[in-house]
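Feature annotations, courtesy of TrEMBL:
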TRANSMEM  158-177  transmembrane segment
TRANSMEM  189-209  transmembrane segment
TRANSMEM  272-289  transmembrane segment
TRANSMEM  296-316  transmembrane segment
TRANSMEM  389-411  transmembrane segment
TRANSMEM  417-437  transmembrane segment
TRANSMEM  444-465  transmembrane segment
TRANSMEM  485-509  transmembrane segment
DOMAIN    554-659  domain 'STAS'
Amino acid sequence: MAASLPTDAPASAVSDHVFTVERHDQLQLSPEDRKRITERTKWVLDSPDPPGFRQEILGSIKNVVCSQKNKKHGSSQPPFAWAVTFLRSVFPILSWARDYKASMFKDDLLSGLTLASLCIPQSIGYAALAQLNPQYGLYTSVVPPLIYTTMGTSRELAIGPVAVVSLLISAMVSKVVNPVVDPISYTKLVFTVTFFTGAFQALFGLLRLGFLVDFLSQAAIVGFMAGAAIVIGLQQLKGLLAISHFTTKTDVVSVLVAVAKSFHTSWYPQNFILGCSFLIFILITRFIGKRNRKLFWLPAIAPLVSVILSTAIVYLTRADEHGVKIIKHVKGGLNPSSVDQLQFNSPHLRESVKIGLVCAVIALTEAVAVGRSFATINGYSMDGNKEMIAMGFMNIAGSMSSCYVATGSFSRTAVNFFAGCKTAVSNVVMAITVLLMLQFLTGLLYYTPVAILSSIILSALPGLINYTEAYNIWKVDKLDFLACAGAFFGVLFASVEMGLMIAIAVSFAKIILNALRPRVQELGRLPGTDIFCEVDQYPVAHAVPGVLIIRLNSGLLCFTNANPLRDRILNWVAEENEKDDIKRPVSGIILDMSSVTNIDYAGVLALEETNKKLLSGGIKLAIASPRWQVIHKLKVAKFVDKVGRDCIFLTVCEAVDSFVGSKFTGPGNC
């Protein structure tokens, strides 16, 4: 039973081992020790009841709208002060705007203008990727950033359309309504999807359901983003080659077949030459910007410079008359209302809700990950639930003002950060700049070649493929890498939805596998200490003769794993007692439940059955370190009365001392 020490172990380790075993064999607890253990057991058993389900839901909503600091004194606040506190919690701008200085505006102004120079061409390109008219990409860079500035908690996050969400909308909405055959219905459906995306995001934040986003693991996101980057890149061949008839499918095979067929019809190499030339120019400026941080503005303005130069070239040479495809008319002016275009009575309502949920999860995942990364760099914390609420309300407002799904962009956020932004006012500057452009300068975009928009999108894709992280995932966890690879190949060879489904399925399979087969470890005492650790991890730790200490390494003891755990414990006891070299048969089992945060009825029944079978064999069961919800449910289910109050302990050490320091005379003791 006792863990053996290596033959070459130092004498001191051996003496510690022998001393501890002998000490246990001869230990008798003093009355003071017994009183202390009994008192601590009362701490466990007499703890107040944990909050119920209704209290948790109401508390979650309250925590979102009320800060922890004011929650303690909220009941004593006058109504006006409570209203101010509430408004500051919902609109963080009311808190930080009081300390805003003119010197900060100078940095935000420069950052916002730099951001706008990158945002304008990207927004037009992403609208094309979503199979929408160019103005909708620009509209999306006006209203959502303004809403986010008042409600968001990130200082650096740049809001607007992004490549992956644009691809999602194009891939999923086009299967419901063909954008070529019926562009008006397609646009209306996109606005409806945007509304449901915002509704889901706001709901996640209000109910503190951000953990749902975590079901799409980091490994799955890495694979999905890499696959989406390649798919987006292949989609840009339509613009680079000026292909008129292109497939609506997104898988690699369909795209390559469509490209091959286009070579047998009509295509114009001038588009390819023009697009590739400026793509090389943008990539060179990006390389220079990475080598010299002081030149951060160079890659930021490169896309806008490319648009200006290429538009001038096409206009002066009349290249549009020789096969170069241009944007032509871009509708200008303020964002028109689209409230009457939301289709809540449409036969496609179910599809709109489903697509909205997918877009909500993907958009939140990208925005929260980007925002937290830069918040960590600047040394402040970002409130994830408030971010979800801000994202939700900005997309709901966007759906009513001719915008499609907006979220935080990594490339633009990086530009915003390196430009020296101080607050979210840089988003306001960007939005106003785009609005002025919509109001007065859209006519200048008439001769902008489509190939340039494709090259701008292509230049942003390398940042979506993270080879280093994929390699690290492979080294750390092969099952995680399976989710990564599944998402990657699913997006690449099937569809965007299939890639997501594979990634989520593998992630759920991993969760279910861990729940069905949680690890059960034997604990032993480290020599000279009262610390109990896993004997497999710490070979120097030795078991206590006659006592089997088991840790349940599962956060939940429930119907999925209760019976396997019961069988594992009983088989373990039988195996220990059948060993030939056993010094003392097992007379007590201590279950360390410090890792178990909750238990259901099936888990309670499994513990009761385990206790009955152990008692029938003359073995006592004790529970050590039960968590709040666990001990509450054990008391409600009368398990504590059945096993005995003297078999519940605050720590494993106290349980061991109680076992070793008293003689067990049979089931009657418990």
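Positions of Cβ are set from backbone N, Cα and C atoms, glycine also.
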Residues outside the transmembrane segment (389-411) whose C-beta sits under 8 Å from one of its C-beta atoms, at least 6 past its ends, are 64, 90, 118, 122, 127, 130, 132, 135-136, 139-145, 147-148, 151-154, 157-162, 165-166, 169, 190-195, 197-206, 335-339, 342, 359, 363-364, 366-368, 370-371, 460, 463
Top stretch by Cβ pairs under 8 Å to the transmembrane segment (272-289) (candidates 158-177, 189-209, 417-437, 444-465, 485-509) is 444-465
Residues in the domain 'STAS' (554-659) per DSSP class, helix first, strand next, coil last, are 57 helix, 16 strand, 33 coil
Taking 3+ C-beta pairs under 8 angstroms (sequence gap of 6 or more) as contact, is the transmembrane segment (189-209) in contact with the transmembrane segment (158-177)?
-> yes
On the domain 'STAS' (554-659), the mean of the pLDDT values is 90
Tertiary contacts of the transmembrane segment (444-465), defined by C-beta under 8 angstroms and 6+ residue spacing from its ends, are 121-122, 124-126, 128-129, 134, 163-164, 225-226, 228-230, 232-233, 236-240, 242, 271-272, 274-276, 278-279, 282-283, 286, 303, 306-307, 310-311, 314-315, 319-320, 324-330, 410-411
